[in-house]
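Notes follow once the structure below has been shown.
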Protein chains: 2
Amino acid sequence: MAKYLQDFSNGPLDYYRKKASFDWKKMKVFLFTEEVVEFKQQVYKELQEHSMFIPQDILSTPSFEEQRKISAARTVNLLKLPSFSLDKIFANVKFQVAKLKIMIDLDPSATIKNSIAYGMFPSAIQGLGTDRHTDYIFDSLSGKIIGAYCLTEFGHGSNAKSIQTTATYDKKSKEFILHSPNFEAAKCWAGNLGEMATHAIVYAQLIMPGGINHSMHPFIVNIRDPDTFLPYPGIIVGDMGEKIALNGVDNGFVMFNQYRIPRVNLLNKNGDVTEEGKYVTPYKDPNKRHGASLGALSVGRVVIIGLCSTYANSALTVAIRYAAVRKQFGPEGGEEVSILEYQSHQHRLIPYLAAAYILQIFSEYIGTVQFQIILDSFGGIQNEQSVELGLELHAISSGGKPLAGWIVRDAVQECREACAGHGYLKAAGLGDIRNSNDANCTYEGENHILIQQTSNWLLKFWPLILNGQQFKFPLGSVDFLSNAREILNSKFTCKSVEQFAHPENILKMYQWLVCYLLKNSYEKYETLSKTMDPFWARSESQVYYLKNLAIVYIQHFMIQRTYITLLESQDPQIQAVLTKITALYGAWTLEKHIPTFYEGGYATGSGLVTLLHSTVLNLCKDLKNDVVALIDVIAPPDFLNKSVLGKSDGLVYKHLEDAMLRRPGATSRPSWWKEINEWNNASLKSKL
Amino acid sequence: MAKYLQDFSNGPLDYYRKKASFDWKKMKVFLFTEEVVEFKQQVYKELQEHSMFIPQDILSTPSFEEQRKISAARTVNLLKLPSFSLDKIFANVKFQVAKLKIMIDLDPSATIKNSIAYGMFPSAIQGLGTDRHTDYIFDSLSGKIIGAYCLTEFGHGSNAKSIQTTATYDKKSKEFILHSPNFEAAKCWAGNLGEMATHAIVYAQLIMPGGINHSMHPFIVNIRDPDTFLPYPGIIVGDMGEKIALNGVDNGFVMFNQYRIPRVNLLNKNGDVTEEGKYVTPYKDPNKRHGASLGALSVGRVVIIGLCSTYANSALTVAIRYAAVRKQFGPEGGEEVSILEYQSHQHRLIPYLAAAYILQIFSEYIGTVQFQIILDSFGGIQNEQSVELGLELHAISSGGKPLAGWIVRDAVQECREACAGHGYLKAAGLGDIRNSNDANCTYEGENHILIQQTSNWLLKFWPLILNGQQFKFPLGSVDFLSNAREILNSKFTCKSVEQFAHPENILKMYQWLVCYLLKNSYEKYETLSKTMDPFWARSESQVYYLKNLAIVYIQHFMIQRTYITLLESQDPQIQAVLTKITALYGAWTLEKHIPTFYEGGYATGSGLVTLLHSTVLNLCKDLKNDVVALIDVIAPPDFLNKSVLGKSDGLVYKHLEDAMLRRPGATSRPSWWKEINEWNNASLKSKL
């Protein structure tokens with residue numbers, strides 16, 4: 001078993017590695033499966049054969065132009081990697097998840113560009129178009145054309161329905177005329193559009209002769225001549241310029257000036273204009289057609305959950321390994337000790353390591369579910385439960401993506417601070433991870449807006465609960481609601497840290513939170529609706545109610561999935577450490593919900609707070625000797641590990657020394673050194 | 001009054017400006033005083049006369065080299081600004097605070113370099129040296145020499161006492177021999193050291209003949225020849241390279257190879273070696289000498305509180321103005337509404353705006369206290385209360401700096417997310433603020449370590465309380481401890497949102513928290529000390545105890561200071577809005593302490609939670625129409641406002657359009673466009 005995994009070289013991390021309570025290789029195989037571990041090792045081998053796939057020098061940021069070129073080259077060339085060929089990837093749905101995470105470790109910008117051009121773009125055509133669009137799918141899958149996806153406009157993001165781009169049908173020429181009435185209607189943020197896209201899916205209000213607006217529809221639009229990469233006349237397309245990070249992605253904007261496209265370029269699965277010039281749709285309710293048309297977006301959110309998980313693993317790798325090696329202070333007269341030994345440092349990092357594990361397991365699970373649906377769709381397989389699965393997955397991805405983004409935002413920040421000054425170096429790698437992850441809180445749905453999809457879905461269940469309905473959904477995320485009444489009558493009963501730390505007890509507390517917040521949110525919303533527009537009633541029910549409801553629902557599901565997973569292990573050591581991780585994540589996240597427990601009468605007195613605090617601190621201490629081995633399981637391989645502080649050899653100061661002295665010009669005068677005294681002297685002169 | 005303040009141009013922000021409940025100009029004069037407002041306007045005028053002081057184009061990051069040169073030039077030339085001349089600045093202690101904040105708005109890197117070279121360096125010599133070092137003070141104040149401050153080593157930051165650089169006294173030559181035994185002993189992170197410093201204050205273990213180590217002492221060391229900017233032989237000095245941000249600062253490292261300096265270069269106020277080669281010190285306890293020698297560091301923390309406040313103001317300016325202008329969604333059939341109208345958005349931003357105000361008032365206050373001490377010291381004035389003032393200021397700055405760093409870290413992040421996609425553009429300015437503020441959590445004391453200074457100071461008071469001692473400190477931060485017993489017997493009694501929102505009631509709740517956490521932390525530490533080394537007992541008392549104690553103490557003091565300030569206003573409208581701000585900040589920060597209230601029996605039942613939530617939401621709604629005017633009071637002037645989203649004209653889309661189309665090359669092909677098809681074709685070929 002695990003024959004592909006090599007031992008780490010000896011060094012300062014040995015101390016903790018030897019103290020681990022489990023075998024990291026066995027854990028790795030348990031979490032990923034033997035085939036996936038083997039697949040990843042093979043991909044690493046292939047990547048290292050091409051200098052293009054070796055990360056840039058971590059000491060300095062390449063110029064904007066260079067970043068663009070590097071990511072573009074990787075975007076296209078990743079298609080060529082033998083292990084990433086369609087037949088290899090389709091052999092095991094888990095390979096798709098593994099491929100995504102490896103690409104992220106290599107280059108987040110190239111991953112995003114690659115996923116849009118060769119994943120999202122053909123998927124969307126498959127989902128939105130019909131037979132007449134099949135060539136676009138094959139051309140993009142083979143890299144012949146490069147696609148972008150244009151929905152957002154400068155003036156409209158979350159409220160996509162109100163976009164202002166129009167596609168007016170011209171009966172005579174059988175063409176649509178695309179037009180941007182003003183700058184706010186310009187499409188923006190579309191990845192690949194800035195410099196490379198030859199084609200784009202563009203959403204526009206479909207206007208029929210006489211001015212009837214059939215609301216927004218997707219069109220396929222030629223953007224640039226694939227031979228010259230010049231835009232076609234009638235199109236102003238450009239690049240949005242520098243961003244906080246992910247500067248390898250050419251996010252673009254485009255304005256249409258009465259730009260004509262053939263009728264057949266309408267992606268017509270959910271609405272069409274016939275050759276005779278008649279609008280037809282299988283949907284009576286335009287809102288339903290709209291929903292069907294946006295369904296293709298869920299995969300983007302699942303991909304982001306994978307991005308988040310990968311970032312968390314990389315950041316924790318740096319901070320945990322550094323905490324094990326870095327020594328500072330110690331008892332009077334004694335030696336200095338690793339900062340990992342301090343309660344404060346344990347409490348800063350170990351709960352986030354637990355969160356990284358929860359996200360690791362959750363992202364693999366939800367990625368597998370999502371990619372299986374896509375594979376089934378390409379293979380023409382219809383799942384019996386597909387409608388309910390679609391709704392449940394929509395709710396989970398719409399809440400899971402925000403939660404993952406926020407968890408990792410906070411985790412990476414804590415890792416940065418926990419590495420103190422040296423963590424502020426570019427070469428520590430944490431700034432880049434943070435700045436890249438930052439986008440995860442926004443794209444594919446601004447977190448606070450997107451998560452309302454989840455609470456809206458849950459809110460509908462309260463009347464059903466009152467009617468005694470039983471819940472049985474494909475992914476099992478709300479099945480406990482069948483017992484909502486009993487759950488609401490339950491109270492906090494744990495008497496010891498051991499009881500509190502049992503995942504089943506933590507799940508019970510979360511179930512109470514979901515039921516309580518569901519009931520209260522529903523009642524709040526209903527009460528407000530009597531005196532105000534439902535739109536405002538919904539808005540006024542967000543804080544402390546609907547937002548928290550969505551969050552506890554997702555937290556419960558993540559813990560539930562981790563618990564189900566760990567029970568599948570046959571290895572008592574692995575089960576033991578994963579149980580602690582689950583309990584720590586659960587107890588630690590429950591802290592933020594303590595007010596709700598007291599508000600709802602679930603707890604009285606000091607017991608819950610005292611036990612919760614002790615549970616968190618005990619688990620941190622308990623896990624302290626395992627954290628280095630836990631990192632070894634999820635760390636990126638050294639050649640993709642972009643941090644001088646986080647290498648597997650633990651030689652922090654050697655790598656720092658190298659980083660300080662190796663940089664060209666590190667010890668020479670700046671080119672403008674003579675000017676310093678000119679400034680100084682002018683200063684003196686001006687005072688004379 | 002306020003004749004120097006101009007009205008803003010009409011535009012999309014008018015709607016909220018007209019709804020404000022107070023006069024923003026009167027508020028500005030109240031917060032800053034007439035003289036300071038005038039001073040700032042004068043400085044703005046002077047800055048705008050020199051292109052060197054106009055911020056770079058916000059669309060793209062200058063190269064590393066360019067950033068260095070720009071900040072270096074500004075560092076030196078800011079000395080020349082007429083309004084920044086010593087006599088002008090010394091005319092009013094508040095000018096010093098104002099100067100600092102204006103420099104930060106202009107260029108954080110130049111501010112840091114300037115503050116080290118012409119503030120911290122001469123101050124430290126004044127505090128650590130004697131008459132024989134006076135020339136260094138004058139030479140640095142006049143810009144003749146450029147100083148750096150070298151304490152931290154690669155291997156030792158927080159635990160400064162264990163640094164490894166040695167200064168061995170050579171009796172024969174009457175010299176000290178500076179030496180770095182290994183790379184971990186190299187000094188690092190010293191600002192100005194990387195490229196510009198001619199001199200540095202270097203801390204080293206003072207070793208006398210025979211090997212007796214008198215622990216660390218400060219020395220003045222020539223680093224580079226001021227004519228050639230080449231280092232002297234025996235010194236390897238270099239630049240640390242790229243950081244997450246603040247790349248205009250040349251943070252450097254230096255290694256000494258048996259480098260000789262004259263005996264008199266020892267900064268000898270707290271310990272000296274006589275001409276006869278004898279070590280002498282006025283301190284018997286080396287720990288006390290050590291403390292006196294590090295006392296000069298408190299000013300750095302106060303400067304950082306000013307940095308934090310300035311960043312908060314800038315970030316909130318962007319997010320609040322954008323929230324007022326950005327419209328998205330609306331009730332069925334109605335127009336789209338400003339996102340500022342949504343409960344969720346109000347709750348995301350308005351508490352942080354309240355925090356920015358609290359920090360604004362706190363940073364002015366503590367800055368004034370600190371700079372007055374420095375002015376007094378240069379003027380030879382000894383304050384009667386100076387020892388107690390020094391201790392109290394040390395505790396406040398050691399807790400205030402971490403808290404300010406964390407508040408602003410979270411505030412800027414929320415602002416970034418609240419501006420969604422457009423907030424991710426470099427041109428939105430928020431990424432740069434976040435990345436610059438990030439350092440505030442680390443330098444001049446890693447936050448979690450530094451804040452222990454505050455709790456250590458407080459911890460000593462519990463036995464005194466038990467003895468019935470009355471507390472009266474110069475800044476009044478702990479005077480309420482005189483009533484600790486009564487406070488500990490008090491309970492939560494608010495019955496309405498109005499009661500809860502009264503600052504005095506919020507202060508009472510905070511006083512209970514301080515007393516409760518002080519008592520519990522003391523008892524926890526004492527209990528643990530019976531079974532473990534005091535070092536470990538201290539470590540095991542941090543989480544939930546000492547760390548929280550320090551935080552609530554500082555939060556209480558910040559709110560107290562704001563409340564005292566607002567009571568000084570004669571304008572009922574200003575008093576009303578500042579009262580709401582104080583209450584909102586107080587209630588919102590109390591949320592995190594709800595578990596403690598229930599744990600300690602201060603509250604039972606659901607009342608506290610329900611009232612607190614209603615108070616926060618009501619105050620957000622109440623302040624909603626005032627937030628644009630509140631921003632107008634604290635916003636940087638437009639020429640220093642580095643965001644397309646946050647200008648005072650509110651023309652968000654015009655500035656965005658300009659940013660998109662103005663960038664050179666925005667709409668042209670990348671230089672490597674031909675390679676795209678080469679990559680594509682190679683891909684196809686490889687499949688043939």
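Just so it is clear, glycine is given a Cβ too, placed from its N, Cα and C backbone atoms.
Just so you know, TrEMBL annotations are computer predictions that nobody has curated.
Per TrEMBL, FAD binding site is recorded for B:THR152, B:GLY191. Other C-beta atoms found within 10 angstroms of the C-beta of B:THR152 (FAD binding site) number 21, with every protein chain shown included. Look at B:THR152 (FAD binding site): DSSP puts it in coil.
Here TrEMBL flags B:295-459 as domain 'Acyl-CoA oxidase C-alpha1'.
TrEMBL lists B:GLU444 with the feature active site, proton acceptor. According to DSSP, B:GLU444 (active site, proton acceptor) sits in a coil region rather than a helix or strand.
What TrEMBL lists as domain 'Acyl-CoA oxidase C-terminal' is B:503-676.
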### Query
Chain A sits near which of the recorded positions B:THR152, B:GLY191, B:GLU444, counting only a Cβ gap under 8 Å?
B:THR152
#### Entry: Within the predicted model, mean pLDDT of the domain 'Acyl-CoA oxidase C-alpha1' (B:295-459)
94
### Cα-to-Cα gap, B:GLY191 (FAD binding site) vs B:GLU444 (active site, proton acceptor), nearest whole Å
12
#### Entry: Cβ neighbours of B:GLU444 (active site, proton acceptor) where a neighbour is any other Cβ within 10 Å
21
### Query
How many Å separate the Cα atoms of B:GLU444 (active site, proton acceptor) and B:THR152 (FAD binding site)?
10
## Note on the structure
Counting across all protein chains, other CB atoms within 10 angstroms of the CB of B:GLY191 (FAD binding site) number 26
